[in-house]
């Protein structure tokens, strides 16, 4: 009898232990789901090379711990790869233009640089790049300064020359240093095509430390093949940050050289706006790469892009830049209101002028975004 | 446009003669008779005279009466008919039939003569003409069964085995073939008299069924699809390049002659009420059928020396044989029916044969092995072949998709270049799992498939072409399920290559993707759980216990959760296990 009793008690004890554990687990699950609900997810969408990953890096630098030494060192390989790829692109591009273009003579490399060109082109085509040392840096610099290469660079919109080309070419000797550690700017300029999805979680700690708003930011690839993966992220998103590079109006796509980049941005923006899961989502449109836009608008007119073909330049200098920017902004706003169905009229839509490389500007912009989202949340909770 | 074995051009001819010759002379007769009556009775109301005329005319007209009584047959159909007694009733007999077609008149009056002949020939003569014979229903059942078999073979792989749909012509051409087959069967059932319809509705119009649906949307569409498939095989395996004309251009091109002929027939309207046409129209129609079979023979003969692995050639030859024999059957039955028009059982038999050969035709001609070779491997009967295999496994590439656990486990050094590390199979699997988890797996799957392609010897061009075609369909074509992130130039180089069996075909694409993985994924991999797990597994060694403690490094998930259920990478990954 005693045995039975004790055994029963044993079972009871075991049971109660299990019960306690089960309760604990359930409590934890509940907590986490509650926590999840407070996390606001933000999506960075846009076409390829529109600046999404740069903004992602900025957020990391601003609101997270930033990059530690390991990560900084890991970017050295990326920066060197950028250099080699750029110079190879320019060299091969000059050869092609020398063959096909009507004014072929200005794209022909000078004879003393031909060997360097071949060598660098071959290095650029390898899978494993050599470390950038002083010797190679000097050679690359000589080639960069060659007239033919400069002329090819002026035609860079036809090739897929990255925007960081000029910056890295001007800083070659610093990059080739044996003890080189990339600066923040170097990392922001470094160009890597994103694939798949990356996320970070952060809290925009401002003056009110108790705000406790937690954001989860998703960065995606922008090329056409990457877009079929976006659909997995669309549920329950608080806000979409759509990046549109306004300096792209004369360039063609990486994945389809028959399509203009601005037209692709327009089509993609339409598609994203029409998504049924975004009926209540706030839209923040970042008109990005304003620094490049400023310089380009004075040389290349806006009408080269079909969407902007009714643009009339009014003046020159700063006024012209402002006028052109306002025109582009108006086009995007018109498109938004044309597409938006009556049911989604009360969703938030804001346009921001950004330069993703400028940290102060991004900090300010993000503060505005944060405020808008908080106001929207309070509004929805009925407190405003 | 099939002028089956059903005759009765003769009927039309007889009707023409009736209107032209017989009716006027009978009317004259009637007029004479009336005149004679009038004269006899000094004029008067003809109608009032009729019954009187019968009685009063007596001997003068006894000859008429006697003649009619004795003959007792209708002047038109020359069959004994109890309804006819007087010349007036002759006219009565005539008038209704003047409106109705010849055969319906026959059937209306012939049952009355049933006593002298046996019941079934007339009943058969009835159903031979109108439809509804038992053999007709059997034929419809057989063709219905063949449609069901066809549908099950085409659709079940998608439904039961949950194979994902291929994009592009690989999916549409077999589906269009199935549709065309169904159209063919239904058009034959509707245009030839299998079913007895009480009323003729406008949608039963002959022109829709026998002309448009049988030709351009039935037999023509079916054969054109097969020709397009043979055309693609010829270019891919014969000339080792992708076909210059996409299928959505070449298919309408092949269908043009069918539409042209159908439009011509529709304008000239040579069909009669029974959907039969004159001999001079039948000849071009049959010629077009035969020409298309001939084109299919030509393309198939051009690739006959290639050793295909999925029985494409065998399917093509079988289809050609059955198509040619069914055309022969149609021609023979048509000719026989022209020659022996009156034999009812011949009509019924030829109708039966027509539908049965069509049923056999659609089951044999439609084949998916050319467009979707892997699907054709899935047998619905055998249980082991329920899983969809990869092309590598089917082609017999050694160690395709398997991990061998007997390999030595060298320590993985993150400082080594990625392409060296990827040569180790277990590292590859771990890296692929990581890439799949953050939705970037297509590059790794592409790498795997290129690796398998590399195992095929360079001179075995047929297997290389199969593998290359599979890779292009899966990874390179715009909009494909696992499209990879490569530049426009790279993609165009692959799609317009003059030699699909070339060993360096995918080199540039592979380089671009390896660069992408090195710059993007590899950095995140070293700090991910997948790498930790991999280190644990490799450090365990053969003894089974851990040889070194895993250092406590903070790992950050690149992507913590995926919200979607139909993750293509997870699905693909699982199905390959």
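Every residue, even glycine, has its Cβ placed from backbone N, Cα and C.
Listed in TrEMBL for this protein:
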type: BINDING; residues: A:49-54, A:219-223, A:288-291, A:356; note: GTP binding site
type: BINDING; residues: A:53, A:194; note: Mg(2+) binding site
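Cβ neighbour density within 10 Å is lowest for A:291 among the binding-site residues A:49, A:219, A:291.
Within 10 Å of the C-beta of residue A:223 (GTP binding site) there are 22 other C-beta atoms, taking all protein chains into account. Filtering the binding-site residues A:49, A:51, A:53, A:219, A:221, A:291 for a Cβ under 8 angstroms from any Cβ of chain B leaves A:221, in order along the sequence. Long-range Cβ neighbours of residue A:51 (GTP binding site) (same chain, at least 6 residues apart, Cβ-Cβ under 8 Å): A:243, A:245, A:286, A:288, A:289, A:354, A:356.
Cβ neighbours within 10 Å of residue A:221 (GTP binding site), excluding its own Cβ and spanning all shown chains: 24. Counting in whole angstrom, residue A:49 (GTP binding site) lies 9 from residue A:194 (Mg(2+) binding site) by their C-alpha atoms. For residue A:223 (GTP binding site) paired with residue A:194 (Mg(2+) binding site), the C-alpha to C-alpha distance reads 9 Å.
In this structure the C-alpha atoms belonging to residue A:53 (GTP binding site) and residue A:194 (Mg(2+) binding site) are separated by 7 Å. Secondary structure at residue A:291 (GTP binding site), as computed by DSSP, is helix. Measuring Cα to Cα from residue A:194 (Mg(2+) binding site), the binding-site residues that fall within 10 Å are A:219, A:221, out of A:219, A:221, A:291. Under the three-state DSSP scheme, residue A:219 (GTP binding site) falls in the strand class.
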